[in-house]
Amino acid sequence: MNMNFILRGLGRYAPERVLSNADLEKIVDTSDEWITTRTGIQRRHVVADGENASDMAAEAARMALANADMDVSELTHIVCATFTPDSVIPSCACRIQEKLGIKGQMCIDVSAACSGFLYALQTARGYLLLEPDAKVLVVSTEVISRRINWEDRTTCVLFGDASGAAIMTAGEESDRPRVLDVMLEADGTLGDLLTVNGGGSAYAYKKDEPVGNEFFVQMEGREIFKHAVRNMVGISERLLERNGLAKSEVDVLLPHQANYRIIDAVGRKFDIPEEKVFSNIHEYGNTSAASVPLALSEAWDTGFIKPGNLVLIPTFGGGFTWGAGLIRF
Ligand code: UT7
């Protein structure tokens, strides 16, 4: 592939309302000590009443467009990764288009849970190969707070709401980050270990029937933990090998933010010192598909990622889906 895939701009958005671990102590039988030591999470952001996934995505998109020095009218495609769209129909991408005040672009949602951003990025690369003049908005957005059983301490402490966005083009600009490669895999036989079944056609509700537990995120945390570390490490090794790169050439490791212990375990397997591993999980919790672009945008803006850095991005999520991406900033 001779084409350069340029990240023209990055953006992010998190709702204003914050729930601390101390706030959760008042809701379920948990403690700041348990949450902090088991996950690294201290706070999470939660949408306001009436605020939806597409509203947050539009905010992140506007920031990415400003960052890319582009007008919204230049967009040709909107690819949205989410498992918490505003509605089943229309797609979240169509809702985002409406909120951005534009028409005509191709709009599509991608469903790959916490690996969603890399899956969407790879989809965008496919469109750019077909249409080299395309300007693709790749946006991840999640309102997980509305798909959580707030009485279940094993899940409600882990997640948060947020959006992250990137503008992708093909071109020559050398001063912008370039997506070098993306590798994606999945194993549907393990799907039942992490589910949000309600709303799917296999779990049809009858009119006026209350929703059950299947409406909310349900997961086997300990099992997922093992698969997450193994697959994030494995696919990252294969991606580096495919690109003729050594582990020592990675400047920044920026993994999906599900649990600081997972992030730390992946960093150790790669012999990457802690100061080269980016994490903002303490502030946002697990924001699923939004976690990677949220982290990328923050790490770039704060100078954690420096020009020229090679950034390795391993992800893992429901499905199971996992992936790894390489970006040269
Ligand atoms: O985003 C991609 C998908 N998700 C993930 O990658 C998540 C992967 N898994 C994890 O991050 C961890 O497994 C968790 C953070 C979910 C759980 O941590 P753990 O160390 O695996 O704990 P555990 O599930 O084995 O539970 C240990 C104990 C249990 O009590 P007993 O049976 O030992 O008495 C739980 O009931 O901790 C208890 N527990 C809690 N205690 C206080 C579970 N949740 C809580 C809580 N507060 N919120």
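Each Cβ is built from the backbone N, Cα and C atoms, and glycine gets one as well.
Annotations in TrEMBL come from automatic prediction, not curation.
Annotated active site per TrEMBL: CYS114, HIS256, ASN286, in sequence order. The domain 'Beta-ketoacyl-[acyl-carrier-protein] synthase III N-terminal' annotation in TrEMBL covers 108-188. Taken from TrEMBL, the feature domain 'Beta-ketoacyl-[acyl-carrier-protein] synthase III C-terminal' covers 240-328. The feature region 'ACP-binding' is assigned by TrEMBL to 257-261.
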ASN286 (active site), number of other Cβ atoms within 10 Å: 26
Secondary-structure category, per DSSP, in which ASN286 (active site) falls: strand
Reduced DSSP assignment, HIS256 (active site): coil
Segment confidence, the domain 'Beta-ketoacyl-[acyl-carrier-protein] synthase III C-terminal' (240-328), expressed as mean pLDDT: 97
Neighbour count (Cβ, 10 Å) for HIS256 (active site): 31
